[in-house]
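Working notes, beginning with the structure itself.
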Amino acid sequence: MSGYPTNGPGAGYPQDGRRPVIINAYPNNGSALPKRNQTLTRPDRQPTLRRTLMRNENRPPPAARAGATSGRTLNRPTNLMPIEDDEEEPTGCWTLSSRILTFWAIGPVRALFGVGKDKAIIQAWREKMALCIIIFFCWCLMGFFTVGLQPLLCPSNDDNVKDSFLEHDSDLFSSDLVLYKGRGYSLQAVNDMLTQNNQPKIPDEFAGKNITPLFRKCADSSSVGTMCNQKYKEPCAKIYDASSAENECKIISQDRGNKEYKPQNCLNEKLMELKLVSKYRASFKWDEIKGKGTTASYTVFNGFVFEKMDTIVNENNKLSPEAKKMLKHTLSTDGTRYFLATEEMKNLSECLIQNHAVGFVYKDSMGCGLSVIITWITTIAILGVVLTRFVMAIVFSWFVSGKLAQPIPGNKIRDLHTICLVTAYSEGEEGIRCTLNSLATTTYPDKKQLLFVIADGIIMGSGNDRSTPDICVGMIVEDPKLGKAEPKSYFAIADGSKQHNMARAHAGYYIVDGHKVPSMVIVKCGTPAEAKAAKPGNRGKRDSQLLLMNFLSRVTFDDRMTPLDYDMFKKIKHICGVTPDKFEIVLMVDADTKVLPTSLSYMVTAMINDPMIMGLCGETRIANKTTSWVTWIQVFEYYISHHLGKCFESLFGGVTCLPGCFCMYRIKAPKPGTPNTYVPVLANPDIVEDYSENVVDTLHKKNLLLLGEDRFLTTLMLRNFPKRKMVFITQALCKTIVPDEFKVLLSQRRRWINSTVHNLMELVLVRDLCGTFCFSMQFVVGMELFGTSVLPAAIVFTVYLLIVLGKCIYDGTKNQEVDTLKYVWDNGPIAPLVMLFAVLGLPGILVMLTTQKVIYVLWMFVYLLGLPVWNLVLPVYAFWHFDDFSWGETRKVQGDNGDDHSKKEGKFDPSEVPLKRWHEYEKESRVRESPYIAPNSPYGPPQHSRSIPMGPRPGGPSPHMSPQGQRPFTPQSPGAAARPGGARPPMNNIPYH
């Protein structure tokens, strides 16, 4: 990276002791200025065809990317000055949809909700209401499939449903109905019809009895009166003698005093068929027909159920021996084929319908069958996803995770240069020191680390006696050779004049327990104009991350730097002994996180083993488990989110959220098959440019960028590199402090839930994630998005299903004639409850299989008791506060007046932040410091025999032409020093040794 020749390891001067010579390794617009070597390849590729995420393609990049390589054109910009973009973003599809869904929200209606007249606030409120409407629709959809599908397709037996099945032993038959050819008719309606036709009423003792023997079919089919005009047909005449009771039109209530009812003559059956409507069909199940649990003998013919068949087989009648033999075969089964075999059996079937038809075989209607099919398909699909997540999480935990972080036998062991980024805001000294101690005392080599602490503004945390910057700077031993740290300008992530910010770079070493780790503390102190503000220099956590990411991207692509970038560059080189482009990994932790000693080594080893891994995280455990009930309910939630959710996603290589408190990203990845060639990952312009968005003018952008910046960074990585991997390393552990007050938990989870919804909305649109159809990461993301949206409805319907189950169990135990378990299986909401218990019970099994710690099973029961909080209170509160972008109770500082640093204040003057290339800064620095350079010389030191002429690289592009495409950057060592005697060295670069 450096242009200095080496004299042994770490030396900066040639062996003959002469001044260092700068080797030009990159075209420099024809000027003889110092220049660093190129470091990375820019492979030629077409601009991404993916939908623009933050800005319209016609709008300029954010101001923070001024002078940097653009991810859109893949070229360096011709206009180096940032553009203040005041134009409104054109109305997009989502904005238009939100206005359509909230067409009813006219001014007076909005006033009822307390919405002001500001256009941005109105639009954010419209988007919130549109999202709430969509979420409510998802709730209704879930409710329909849970409790509405069955009644719609398979209506229950009530007065509004005609001719539906009703169990033959129902109380309704014994109290209000009579049977005619297996169908139930109202006894009152039958009596009214008989009265109208001058026939005696049927007594109440015959309720539930078969009245079919009272009616006959007329020989004259045109007869519609009470009696037949001519002789009626007697279906049993060929089976029984004329004097037999089977041929009489009368009924007897044998179990109610043998009371007899007989009309004046046989009645015309058309009275029943034309004037009355059947309400129900008496139904028999096959278990009853086959004799299970009953002594009655039944036979089935064409859906009809005949009773007393054992009596008919054994009595004296006109049936032939062959007919009786076939009749015996029909007992307790479907005898339709026997009844249709001969003419005699056909006549017998008509006689049995006349006198012994008591119902029908129960069968589902088409709607009932369809509802059952849909219910079970849905249940199997969801259970399949749940079981697949469970099994794959176990597979990853048992067989894959151990190999990820273990050195591969035979491979050369090497340590990558790693930046440990710690973002601090209002944390106390104890928490920050604990974090830095845990990072400095890891098993990873001290010389390969750089502790990079960023204090976000001059902040005095609640309860602290010193400001956060003073606490951080006081923990390192600054290198006196670097002098006093001075405020330097850089482009901040803000709007208006706050885009110009200043920061001091304090460089030195963090010394603890025999470890001496190179360290840098960046103090964002703000411009002189905001010195008296409540929080000078504060721009948010995303700005802190981008301060480093933008710096690494500019270094990687040799772009123009801000004064702060160059200041960090030279100080990092001084304390680390290498230039910043040597760093390949960045570990991000919060200032209240304690990293276990071996964690960093495990994470870096995983990065070395698989170059396709672009990001990973470890397990975050709770340090204050027993502080309050609020921390109790979080223990199992933290554990299962890692060992079920992230383990499953890791097998796909697509962890959808790397927690910002403990994660690692690859700055640049080695290109397979091409030594010393790298591809930018975290430093990729596409990533940095979208993450640098400062015009946050929609609710969607605000939820992505202001509430869940950590998750959004993961989304950007997966979106731009869908074929690379995001994984979870089970061996890497850290501990953090979680909220112990409910109001703080409420504020934290509001941000997390809303950020999750909006990030999943972006990820579900990425079609080239791992897998295909239902076995794809895209499908899993869609399921997770729907599941997050319907959490409140899920807990409500769970309670409803448990109530239904309890009622079903009560009804089954109350009825002594049925088996309770069978009754519950047939009538209870079994499928949804099986799915519910699988969702809630499998995590407990997972805990036992992964940790073998029974204590976590106890924590699971505590978590289940807190389900109403997790699934109802927190999501509903979060959804209704979609348009709340504050951090609420999560971070408290002294003197905070509630102002949001993202608000636009004043006009931004881009000229306040100069942009220069590294070699331009270097030249100015050497002009000031070197005694060999004439003060007024515009060309640097005078030429002599030992110097190397500065000019374009042989074969390079013309001096004033911008590079085309995305050029590869290949790490190369600087050229050789001038040979003794003044001979000119070769122009080619010397590869690494």
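Glycine is treated like the rest: Cβ placed from N, Cα and C.
Going by TrEMBL, these are the annotated features:
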| type | residues | note |
| --- | --- | --- |
| REGION | 1-20 | region 'Disordered' |
| COMPBIAS | 27-41 | compositional bias 'Polar residues' |
| REGION | 27-89 | region 'Disordered' |
| TRANSMEM | 129-153 | transmembrane segment |
| DOMAIN | 283-360 | domain 'Chitin synthase 4-like' |
| TRANSMEM | 373-400 | transmembrane segment |
| TRANSMEM | 785-810 | transmembrane segment |
| TRANSMEM | 830-849 | transmembrane segment |
| TRANSMEM | 856-880 | transmembrane segment |
| REGION | 928-993 | region 'Disordered' |
| COMPBIAS | 961-973 | compositional bias 'Polar residues' |
| COMPBIAS | 974-986 | compositional bias 'Low complexity' |
Recorded stretch that, among 129-153, 373-400, 785-810, 856-880, has the most CB pairs under 8 Å to the transmembrane segment (830-849): 373-400
Same-chain residues at least 6 beyond the ends of the transmembrane segment (129-153) whose Cβ lies under 8 Å from its Cβ atoms: 97-98, 101-102, 105, 367-368, 370-371, 374-375, 378, 699, 757, 786, 789-790, 792-794, 797, 800-801, 832, 879-880, 882
Residue counts (helix, strand, coil, in that order) that DSSP gives for the domain 'Chitin synthase 4-like' (283-360): 37 helix, 13 strand, 28 coil
Model confidence over the domain 'Chitin synthase 4-like' (283-360) (mean pLDDT, whole number): 86
